[in-house]
């Protein structure tokens, strides 16, 4: 079985697991079970102590610390700026009553609201992230550059299969369109896609 097929199978199993459990409910019925699985996986990236709550320190501070281990200092500070801004826009805002922590249920509830900045903000974040990890500024991410991105997102899976899933034209690099498409669509696509592995896997 190829690595990409294995990743696909693991994602589908995860969908079935979340769908069959009652731990996460979408009361409005707006999201597919697969989409809720993606939100849960993203939440788990930042819930470092696995207590079911993501703090600002986990979302911004610890993410910046990981970036400092693999990036030049000014690029690590760019990561800090991206995540600080994202925390204020997505989590600590008028919809969340400016809380400085959030649970998975809070995350789902915020996503159920059509925030007017949602699409624009996601596109800006993906563009900023691409530029931050494009260390040689050549408009492409190599496997090594992308591995640094995955490190910041606490990836524990084999890197090459993830990279190959995003590299749609199979030319050995990720251009801005490939990266941004995988990143942006991971936030909106309700059905399964191999490129939804863009943030890696924790387990």
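Using the three backbone atoms N, Cα and C, a Cβ is placed for every residue, glycine included.
What TrEMBL says about this protein:
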- 1-20: signal peptide (SIGNAL)
- 34-69: domain 'EF-hand' (DOMAIN)
- 154-189: domain 'EF-hand' (DOMAIN)
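Within the same chain, residues 2-4, 6-7, 35, 38, 45, 48, 66, 119, 122-123, 125-127, 129-130, 139-143, 146-147, 195-203 sit at least 6 positions outside the domain 'EF-hand' (154-189) and bring their C-beta atoms closer than 8 Å to a C-beta of that stretch. In the predicted structure, the domain 'EF-hand' (154-189) carries a mean pLDDT of 94.
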